[in-house]
Amino acid sequence: MAASSSKEPESRNTARARLILASASPRRLALLAQAGIVPDAQEGADIDESPLKGELPRAYAARMAREKAAAAAARFGDEAAFLLAADTVVARGRRILPKAETEAEARACLELLSGTSHRVYTGICAVRGARQAERLVMTRVTFKRLSDLEMRAYLKSGEWRGKAGGYAIQGLAGAFIPSISGSYSSVVGLPLAETVKLLSGLGFPLFTDSLS
């Protein structure tokens, strides 16, 4: 189960454009802020995040985003004019890597990723009333071959804790990644350009402060 938390960020959006971010991730909140979007509330979805038998990584990421959005809709009801949910999955082939909670899990992920390329999928789901829009974004990430010293140092940092695939591209692990193909912000947790397009398509007011 994903841990649920709730907080009320300071918002510049009008009451009519109330936006709920169905994620407890501070990284997603920070990414939205880059586009001038400040949710009226942020709450992680308490859902079963177990993959279905034989479920492929891309299908899993899309399903998790939908289910998080549905859980938020049930929680907030008519309070939310707009809902936004996302889920990021690190995959090696057909294998879904865990959100590392122990050093052993993190080491297993890093050993699998070291010296190879893998895919990161982020599913996003935006909802406005009966309307729903979805997008799945894939980014290819290449890791250098990690030395024993680099592996030990990264594990000691603790940065891997709670991170899909056992690493955070925006942190120390960025030094291990010589190249990516696709959306950097998606690997961090939210593909920003695609998210803005999705919300805009549902009528969410964007860049209103800069245009006023």
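Heads up, the Cβ atoms here are built off N, Cα and C, so glycines get one too.
Not measured: the values here are computed from a predicted model.
Here is what TrEMBL records for this protein:
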- ARG27: site 'Important for substrate specificity' (SITE)
- ASP87: active site, proton acceptor (ACT_SITE)
- THR88: site 'Important for substrate specificity' (SITE)
- GLN170: site 'Important for substrate specificity' (SITE)
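Known features from TrEMBL, placed on the structure.
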residue: ARG27; record: site 'Important for substrate specificity'; DSSP class: helix
residue: ASP87; record: active site, proton acceptor; DSSP class: strand
residue: GLN170; record: site 'Important for substrate specificity'; DSSP class: coil
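If you count neighbouring Cβ atoms within 10 Å for each of the recorded sites THR88, GLN170, the highest count belongs to THR88.
Looking at ARG27 (site 'Important for substrate specificity') and GLN170 (site 'Important for substrate specificity'), their Cα atoms lie 10 Å from each other. Cβ-based neighbour count (10 Å, all protein chains) for ASP87 (active site, proton acceptor) stands at 28. Other Cβ atoms within 10 Å of the Cβ of ARG27 (site 'Important for substrate specificity') number 16 in total over all chains.
In this structure, the CA atom of THR88 (site 'Important for substrate specificity') is 14 Å away from the CA atom of GLN170 (site 'Important for substrate specificity'). Note: the CA-CA distance between GLN170 (site 'Important for substrate specificity') and ASP87 (active site, proton acceptor) rounds to 17 Å.
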